[in-house]
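Novice: Annotated compositional bias 'Low complexity' per TrEMBL: A:266-285, in sequence order. Positions annotated as region 'Disordered' by TrEMBL: A:250-288. Residues or ranges marked as transmembrane segment in TrEMBL: A:21-39, A:73-97, A:109-126, A:132-155, A:160-179, A:185-204, A:373-393, A:399-418.
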Amino acid sequence: MDQNSKPKSVLDSLGEEIVRIITPVSICMLLVVILISVLNNDSDSSGPSFTSIATYAYTENSSDSNWDKLKGALLNALVFVVVVTAVTFLLVLLFYFRCTKFLKYYMGFSSFLVLGFMGGEISLFLIGKFRVPIDCVTFGLSLFNFTVVGVLAVFMSKTAIVVTQGYLVVIGVFVAYWFALLPEWTTWVLLVAMALYDLAAVLLPGGPLRLLVELAISRDEDIPALVYEARPVVNPDSVPRGAVVQRRVWRERRENDDGSDDNLDSRSNLNSTVNSSLESSSGLERLGDENARNGVDVVDGQVSRADSELAAPLIQHRINVRMNLQEGGSSDDFALEGIGLGSSGAIKLGLGDFIFYSVLVARAAMYDFMTVYACYLAIVAGLGITLMLLAFYQKALPALPVSVLLGVLFYLLTRLLLETFVVQCSMNLLMF
Amino acid sequence: MEATPSDQTHNTAAAANHSSVAAISMSAANTNHRNPLRVDWPTIDGPLGLTEQDSVDHARRFFKFGFLFLPWLWAVNCFYFWPVLRRPGSNSDPELRRYVVGSSIGFMVFTVVLSTWALTFSIGGELLFGHAWDKLVMYNVAEKYGLTGLI
């Protein structure tokens with residue numbers, strides 16, 4: 001096989017990768033939009049009257065003036081960002097003291113809460129709305145099953161990839177639905193605040209996420225985090241020995257932690273923060289590790305020792321040149337020229353990104369479907385831009401800012417400008 | 001390609017199961033002693049899934065856990081080891097196959113029982129149950145105990 005031939009087409013593998021990450025994001029957004037439009041048609045921006053960490057400073061009242069609402073929303077967002085920063089630093093601290101077990105258990109516990117309680121409540125809403133004649137025994141049993149298997153899927157990484165991915169998307173849907181129930185102004189200001197926080201936390205030298213990432217690199221460890229990992233694109237053309245060698249690069253793939261904390265809204269005292277921190281589907285990484293350790297042995301039969309040793313320092317250098325999306329690692333493998341063909345590793349996206357994208361679209365859905373389409377396009381475009389920047393800069397990048405800021409911009413433009421235009425045109429039978 | 005001892009290749013090939021291509025080319029006498037020409041991955045994820053040894057432990061653990069009223073766990077187990085179910089007998093570990101088949105039987109039995117009950121409940125309705133139906137149906141239970149207001 002030709003050692004230097006490129007894979008079928010870079011566009012094929014790259015396009016496939018991008019599709020594999022955009023699909024779950026789209027599914028998550030679709031599900032949340034459906035839930036919102038089914039359940040919340042009557043109440044729109046009034047929202048439920050629960051207090052949560054995100055409405056701590058100010059509870060929105062529809063009779064307040066716009067300026068008051070804006071001030072209140074800013075206060076809320078500030079409180080939220082402060083809490084998130086504090087918890088992220090706590091996470092860094094815990095990771096620094098190697099309390100990985102504790103983090104993993106916490107992740108399992110919070111997924112249990114999300115799937116069990118939030119999922120249960122959402123299903124109860126649906127059952128109540130559609131008057132589904134299900135009895136409590138069946139319901140309880142199904143919920144119990146669903147929750148336990150979900151916790152297992154997220155907690156240990158040995159379940160089927162599809163199952164793990166599905167459960168992560170479902171967790172994202174539930175949390176996003178709850179976030180979308182916050183008051184309107186608070187939601188929008190919160191989104192913008194989180195986007196800016198993301199930018200700061202990942203790019204500034206003192207940012208908690210950056211510290212976490214650097215800790216993980218220096219220790220050569222995996223961060224426990226709730227990240228969605230797309231299935232890697234396996235290149236069928238790759239030379240066997242090249243394939244073996246480049247699989248070792250996967251070991252260097254660091255998952256960037258999802259440091260964003262999504263707070264559970266709780267009427268009771270559930271102030272726990274879903275600080276997503278369990279690496280799901282890390283079966284990949286684990287195998288990569290084993291492979292790396294056995295790398296030399298495995299390759300022994302195939303490649304000469306000299307080659308493998310040569311490859312190793314190359315890989316070492318690559319460690320620092322990781323590509324990561326904030327709140328989740330996006331790891332693209334690099335083509336090891338001369339040794340084999342490039343095959344990309346899997347792209348990873350943190351669950352916080354899923355959640356905030358879906359919250360944005362859900363909020364747009366509460367207004368009208370036109371804004372949904374506009375915001376969806378904006379978010380996907382933002383995600384594409386982020387991935388391109390990733391390939392360009394090859395370092396940890398936050399995934400929220402571009403998409404969220406574009407999304408908010410498009411929402412405002414659509415709501416304020418496009419809508420009047422389209423409505424007038426339709427009423428006069430001019431267009432659409 | 002040098003001939004390496006089959007055991008060692010078996011282990012290392014199993015460990016390097018990222019790339020099926022690599023495994024195939026590397027496996028002169030490979031992971032599956034009965035079928036020297038193909039690599040048979042026991043899981044649905046193929047090279048990204050578990051190795052044969054881990055699979056048995058995994059299947060056993062899920063099978064036993066499923067007895068705690070977790071038919072969905074059995075279903076996930078069967079789904080994960082679908083290739084084992086599809087392959088008739090000879091190619092896979094008999095112990096593994098036993099657990100997977102056990103899981104599938106358990107899942108089917110449980111599902112039949114549960115769906116019988118659920119369908120009887122929903123179709124029979126008030127006619128069959130009288131006013132016990134109202135006490136059992138979920139939306140009334142939720143209202144009675146205020147379950148929708150927990151979080």
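Numbering starts at 1 and runs along the chain as it is shown here.
Glycine residues also receive a Cβ, built from the backbone N, Cα and C atoms like all the rest.
Just so you know, TrEMBL annotations never went through curation; they're auto-generated.
Note that the coordinates shown come from a computational prediction; the quantities given were computed from them, not determined experimentally.
Tell me about the setting of these features in this model.
Specialist: Panel annotation: around the transmembrane segment (A:21-39), residues 122, 125-126, 129, 165, 168-169, 172-173, 176-177, 180, 228, 230, 330, 347, 349, 353-354, 357-359, 361-362, 365-366, 372, 376, 379-380, 383-384, 387 of the same chain, lying at least six beyond its termini, place a Cβ under 8 Å from a Cβ of the stretch.
Through the fold, the transmembrane segment (A:185-204) approaches residues 54-55, 58, 60, 69-70, 72-74, 76-78, 80-81, 84-85, 88, 179, 210, 213, 259-260, 326-327, 356, 359-360, 363, 396-401, 404-405, 407-408 of its own chain, all at least 6 residues removed from its boundaries and within a Cβ separation under 8 Å.
With a cut-off of 8 Å between Cβ atoms, the residues of this chain six or more beyond the transmembrane segment (A:373-393) that come close are 18, 21-22, 25-26, 29, 323-325, 330, 332, 347, 357, 360-361, 364, 399, 402-407, 409-411, 413-414, 418.
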